[in-house]
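Peer 1: Sharing a structure, written as structure tokens. Questions coming.
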Amino acid sequence: MAGKARVHELAKELGVTSKELLATLKEQGEFVKSASSTVEAPVARRLRESFASKSAPANGAKPGPAASARPGAKPTPGGPRPGPRTPAPAASAPQAPAEQTARPTDARPGPAVKPGPAPTPARPAAPEAPAAKAAPEAPAQRPTPGGPRPGQQQQRPGAPAQGGPRPGPKPGPKTPRVGNNPYSSQPAPERERPAARPGPGGPRPGPAQGGPRPGPGQGAPRPGATPGPRPAAAQGGPRPGGPRPSPGSMPPRPNPGAMPQRTPRPGPSAGGRPGRPGGAPGAGRPGGGGGGYRGGGGAPGAGAGAPAGGGFRGRPGGGGGRPGGPGGRGGAAGAFGRPGGAPRRGRKSKRQKRQEYDSMQAPSVGGVRLPRGNGEIIRLARGASLSDFAEKIDANPAALVQALFNLGEMVTATQSVNDETLELLGSEMNYVVQVVSPEDEDRELLESFDLTYGEDEGDEDDLQVRPPVVTVMGHVDHGKTRLLDTIRKANVREGEAGGITQHIGAYQVMTHLGDEDRLITFIDTPGHEAFTAMRARGAKATDIAILVVAADDGVMPQTVEAINHAQAADVPIVVAVNKIDKEGANPEKIRQQLTEYGLVAEEYGGDTMFVDISAKQGTNIDALLEAVLLTADAALDLRANPNMDAQGVAIEAHLDRGRGPVATVLIQRGTLRVGDSIVAGDAYGRVRRMVDEHGEDVEAALPSRPVQVVGFTSVPGAGDNLLVVDEDRIARQIADRRNARKRNALAARSRKRISLEDLDAALKETSELNLILKGDNAGTVEALEEALMGIEVGDEVRLRVIDRGVGGVTETNVNLASASNAIIIGFNVRAEGKATELANREGVDIRYYSVIYQAIDEIEKALKGMLKPIYEEVELGRAEIRAIFRSSKVGNIAGCMVLSGSVKRNAKARLLRDNVVVAETTTISSLRREKDDVTEVREGFECGMTLTYNDIKEGDIIEAYELREKPRD
């Protein structure tokens, strides 16, 4: 603890209580726990200076006219260091060398020679320059009896008279020592006043030489080896040198508390701390560099030696460069790292101390220091990377990567990370990670462009009645499309492959309610189980749901799913019991079954309207439409503002060969016009053309109107929100951001998590089936991909969709499939141009499907065919060894009796001895019955056999078995 001091010791030294000293330390930004804590030497020095400045007089006494010399005359180099005793005035008669050392005293007027050093930075005046030039020519002078006494200093020629003693300077930053080589001819620069730096001096004498070192303004010789009074030469001329003092002759360090105090001089200049004796004008802190440079030297501004334990480590006596007398240059001993001195520590700023204090409390994961939070909520987008997380918490991404590696996850800084990993990492650092939902993220994106979605602009007077949007839902083959055909008086069902709806259709029909004509918008959704997402989108975009249930079939799984979608979207349901004209129809049974799902008929006291219809015969269709309109008028407020920018939803989208990307859009509010700039999901464009369900052009689409929009630059996703913006530039920026977010989320979802524990298993060879999906519209491709990814056939085979798109199979798809060994699945599309020829040449398999479940079944069979076969053991029979015949050619021959089953030649066998397995994998190499070779011997017959294992004994049991391939489920 060299250089350190305890708080209670400092308090006793300064004459204050420990409590007051602790309060002072707290004001200075030092973190000290108690009075027994230690503080560093720089902190103790600041405390002494602080209390010294408080006890010093406010204003120094005015000096007389003759007070021309600076305070702080240098003592003789040979004088011993004063001890901690009461100082005597230095202006008295000549004392012994121990008493000649000057001490800081209160400034008072006096003659040219003033006592008491006041170490201040050297500030040579401008008239000093001529003398500095002539100084190297002056010869070294020996001390004479008539010379100035030690501790005194003559006024420099041409220097202005000092008006008073300079107050003690504040400690400042220490410049690196220049010229620490005693043999260097390069002088040390002056601190903070480089313009007044003296010129180059002569070569330094060696450590044992006592000759003077000529130089401009260098008035302090090197400390001598023998103490003795040596007069200091006038500043500006050379001073006599002498041998270096021995460490034993150095006096103990004086007690700063017992010394007279002085008023500190304000300003940024650096200098020595109070209480240290000796030093030239501008002398530095005790044992440290003075005002000029750190290290001894007699130049103006030279200090009393090298810093204590600083750059000159290892000087005997605990600090390099401490002179034996005032004004002497620090010796070269210890200047080059010789051990013996404690290393000097620089002062730390409050920010550094605060950072160190925070790092002490920072959590460590596997030895990695991480920032520590206070439970803050960090919002991250789905699929964010560690770089995004590190930017939020102001951390190093490399540290997060290493921390995740220690937690068993191998990711890179720019790789998308799934939600669970982000939450786990955040909890380790005391952060609450919230993965922003896509809806919230999209809302924040639109808010950044001053856009909102889902709200009508204006007040109540701007709202107008709009037609209800009705979605027809139900199980497959229950008659949904037939019902819409009957309503529209068209045959849409025959256009669908297999009679199964595989798209969402949107139509607007005119119906009559009493004497009033009313418009109703119908949305037809698929009923197959693969189209769950389509049904969910239909439920979200609708006002009323018609649940079609076949009277002869009852409630089916997709019926229940449709009910759940409608109830989740808080949509009222009207039940249409279809096929009442068929044999075995039981509408009452349907009503009873639906009560289990919260749909209670009105005749049973509920609030759900049931209508028995026959879509094929056209029975009660008007009653169903009337029920829909009554429900809409009674339960819903169907109004929207048509005088605003249009907002809607893309129900379906596909790529048309002649028209390009086409989206079926349902307008929810506002009016969509030709020429509007639009954005839907990650697709944007300008409305070039709008077509209704009859193929007629539409110039403006009002709320609840379904239209086909032509003009997108790419195919939007099914279910994406459509928004009209002011400029194409804004639409493009929104689409680009959504596209980037979509890619990140897809990468995070598709990334296979590989932890350190299952690294060996991950490195094993696994079979992978690569697919490229092409469909006629976005919804079909989405449904097909979700259905295929849901196939579970085991961990040995993995399905991977490397590309997906809308439109025909192109040559680009074939080239990608050839490079990645993939199969192309075309759903309701065919190959374009020379794609088929290229596929045949490259050996790429293209499969075409028109019904979705056929594609699912074939892909599942292909995956199962890629699985490694599973074998099961089937026991054939058991035989007991009754005798052993030894042969020099074939070895031991076992004479056996077949106890059960049969024994076959070349079958695998297991040798048991006292019910203990002796040989596990042996083979029956030969089998004979009497003298004939046979392939099989049945139960109850004797035989002779040889095994691939010769250590057999009488009484052993041979168990024959075979491995048969087990079919995959």
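Note: Cβ is positioned from N, Cα and C throughout, glycine not excepted.
The following feature annotations were taken from Swiss-Prot:
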type: BINDING; residues: 474-481, 524-528, 578-581; note: GTP binding site
type: COMPBIAS; residues: 54-76; note: compositional bias 'Low complexity'
type: COMPBIAS; residues: 77-87; note: compositional bias 'Pro residues'
type: COMPBIAS; residues: 88-102; note: compositional bias 'Low complexity'
type: COMPBIAS; residues: 112-124; note: compositional bias 'Pro residues'
type: COMPBIAS; residues: 125-164; note: compositional bias 'Low complexity'
type: COMPBIAS; residues: 240-267; note: compositional bias 'Pro residues'
type: COMPBIAS; residues: 269-340; note: compositional bias 'Gly residues'
type: COMPBIAS; residues: 344-353; note: compositional bias 'Basic residues'
type: REGION; residues: 50-370; note: region 'Disordered'
type: REGION; residues: 474-481; note: region 'G1'
type: REGION; residues: 499-503; note: region 'G2'
type: REGION; residues: 524-527; note: region 'G3'
type: REGION; residues: 578-581; note: region 'G4'
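Tell me about the setting of these features in this model.
Peer 2: When secondary structure is read from DSSP and collapsed to three states, G474 (GTP binding site) falls in the strand class.
Sequence-distant contacts of the region 'G4' (578-581) (same chain, six or more residues past either end, CB-CB distance under 8 Å): 478-479, 482-483, 548-553, 587, 612-617, 619.
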Peer 1: So how many other Cβ atoms are close to I580 (GTP binding site), meaning within 10 Å of its Cβ?
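Peer 2: A 10 Å sphere around the Cβ of I580 (GTP binding site) contains 19 other Cβ atoms.
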Peer 1: State the three-class DSSP label for K480 (GTP binding site), counting H, G and I as helix, E and B as strand, and everything else as coil.
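Peer 2: Where K480 (GTP binding site) sits, the three-state DSSP reduction gives helix.
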Peer 1: Sort I580 (GTP binding site) into helix, strand or coil using the DSSP assignment.
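Peer 2: In three-state terms, I580 (GTP binding site) counts as coil.
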Peer 1: What is the Cβ neighbour count of G474 (GTP binding site) at a 10 Å cut-off, with all protein chains included?
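Peer 2: Around G474 (GTP binding site), other Cβ atoms within 10 Å: 28.
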Peer 1: How many neighbouring Cβ atoms, not counting its own, are there within 10 Å of the Cβ of K480 (GTP binding site)?
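Peer 2: Total other Cβ atoms inside 10 Å, all chains included: 27.
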Peer 1: I'd like the number of other C-beta atoms within 10 A of the C-beta of D477 (GTP binding site), please.
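Peer 2: There are 17 such Cβ atoms around D477 (GTP binding site).
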